[in-house]
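There's a structure below that I have some questions on.
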């Protein structure tokens, strides 16, 4: 079960909505904020709190790229791989990240600081190609600028 502090936060989210299941995304965010990721063991108790089948909660976590299902890196670099970013330089962005961090998408740097996570859309098509470091969004403007941005997080 959940620690009392987290349980209080989940209850707050659940009580905010007319139907419990409407709180699922807020609850998952609260769990991720608490643990740093969404542990598999947290899904059953959450399903019970929301009166939902376990497989429904599992599918929501699997569907959204924003939820980490394993111990994450300190900084998650989400790279938009949608059509617009693809045509406007996504591949160059990925190559620059791989070269700089010496990891492939889905991997974590040996120091545990960075993980490259391809995602479908970050909602910033006018700035394509884009990437996010945790909640900060950036336009890719070449390897030098990328290195400058990443140095802020080391």
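Even glycines carry a Cβ here, placed using N, Cα and C.
Grabbed the feature section from TrEMBL, which reads as follows:
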| type | residues | note |
| --- | --- | --- |
| BINDING | 80, 85, 121, 125 | [2Fe-2S] cluster binding site |
Name them in sequence order: residues not among 80, 85, 121, 125 whose Cβ is within 8 Å of the mean position of the Cβ atoms defining the [2Fe-2S] cluster site.
81, 82, 83, 84, 120, 122, 123, 124, 128, 129, 130
Looking only at DSSP and grouping its letters into three states, which state does residue 80 ([2Fe-2S] cluster binding site) belong to?
strand
